[in-house]
Amino acid sequence: MAEQNLLSEINKRRTFAIISHPDAGKTTITEKVLLFGQAIQKAGTVKGRGSNQHAKSDWMDMEKERGISVTTSVMQFPYKNALVNLLDTPGHEDFSEDTYRTLTAVDSCLMVIDAAKGVEDRTRKLMEVTRLRTTPIVTFMNKCDRDIRDPMELLDEVETELKIACAPITWPIGSGKGFKGVYHIHNDEAVLYKTGQGHKIQDVRTIKGIDNPELVDAIGDDLAAQLRDELELVIGASNEFDLELFLAGELSPVYFGTALGNFGVDHVLDGLTKWAPTPLPRETEDRQVVATEENFTGFVFKIQANMDPKHRDRIAFMRIVSGKYSQGMKMNHVRIGKQVSISDAVTFMAGDRERAGDAFAGDIIGLHNHGTIQIGDTFTQGEKLKFSGIPNFAPELFRRIRLRDPLKQKQLLKGLVQLSEEGAVQVFRPLINNDLIVGAVGVLQFDVVVARLKAEYNVDAIYEGVNVNTARWVSSDDVKKFEDFKRKCESNLALDGGDNLTYIAPSRVNLNLSVERYPEVTFSHTREN
């Protein structure tokens, strides 16, 4: 009976992230998804859209000020017969490794594209990351209530640029001010759009069949004729939906709508809950772990400091891979070889936290962390496993950080180490001096770090330029030659936040010369946590 219950709970789970270019409408669609999941009563509109209500999923001060999602938050809600775990990822111009790592914790992704602009740079980068694990992708063409590009052109661009086949499930009826709704190809019905219903769930009118006279009455002769022609073309020229190809990450079902107008979002949720995979198996260094295994396993993919300034706490986000978490259970923290009892794990509703009752494979739970948990840590019910594929990426931008008040050096170091463990930034301490160098994937991370040091650690810090162009983690199996390398290159060596030896290069030329000069040393662009 317990096994049956475990299976039934796991089969309900759908764990996905939303990926998009900034301003494609990701935070808005997150809101509307939560509205349909009854997780919120009324959707907040992102700041900058003429509203003083801040979006539910943007809860750090800096996010509230700027109207962007800086950290990943996790939201769980029921939808029809499924239980959905939605991981929200940063949607701003620069994003951090946090985003990459979040994508290791999901089983599918919803890609949001601004239908007026098509495929943009950030979407390309995020798709490359999903490709590493052949993640199934559902596509939502957003902002159809504005003037959009030709829908066939959009499908063609996604197929060409992102190397994924498209299978349209819905098709837009008109666009911009003339947007009338979508035709649901699978259900063979028109779903009509009403404006001014963005904050609540609409009672939509549906009309069955493309030749139904009611459709002509509703949208007019010309648009009905245009729709018939377009559908004939699109059904003839595009791919049919194929579940196997979708699960293999080779084909994406495509939906059209407007998140701001709260239209078409339920179609996406229907598709995700119907077709997206239940919790998938994960690789460890020794074997594959399957969701239905009775014993609990999970890995930490993110650490968030001070989610609640009242508590000054840190939460480790853990993806459960197999089995079941129940309050007070004992588990093995594999890296430190210690048995721990977890009685106060939490579940999330973007900043609102509740103590977790039972949680199952696919769920994300939060563990209170007093400095002992790191990104990539594995927890099990006894077995010594380490989940693989949770990466650190070499930063691309560097700054020296220094204090306005030199007496706060201890607090600065503490803050930087905590922020680096959380994945907000990387910290490097050169072997030859007391500098603190901060490395990031995107410029905004620097602003985030200074703002958080001030707000959470009461440290007033500023940046200076530093002669570092790139960094690589270094290692070697040849102890003697590695010692020789360390002696000769000491001025280019630093320790990162986890005390791993790193080569910091003033230029690409310098890095390439060192790689040639020391063939027995491995210079790594990524490091497994």
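The backbone N, Cα and C atoms fix where each Cβ goes, glycine too.
Listed in Swiss-Prot:
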DOMAIN    11-280  domain 'tr-type G'
BINDING   20-27, 88-92, 142-145  GTP binding site
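A map of Swiss-Prot features onto the structure.
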| residue | record | DSSP class |
| --- | --- | --- |
| Ser20 | GTP binding site | strand |
| Lys26 | GTP binding site | helix |
| Thr89 | GTP binding site | coil |
| Cys144 | GTP binding site | coil |
Among all the protein chains here, how many other CB atoms are within 10 A of the CB of Lys26 (GTP binding site)?
27
Around the Cβ of Asp23 (GTP binding site), how many other Cβ atoms lie within 10 Å? Please give the count over every shown protein chain.
20
Restricting to the same chain and to sequence separations of six or more, state which residues have a Cβ under 8 Å from that of Cys144 (GTP binding site).
Ala115, Pro172, Ser175, Phe179, Val182, Phe256, Gly257, Thr258, Phe263, Gly264
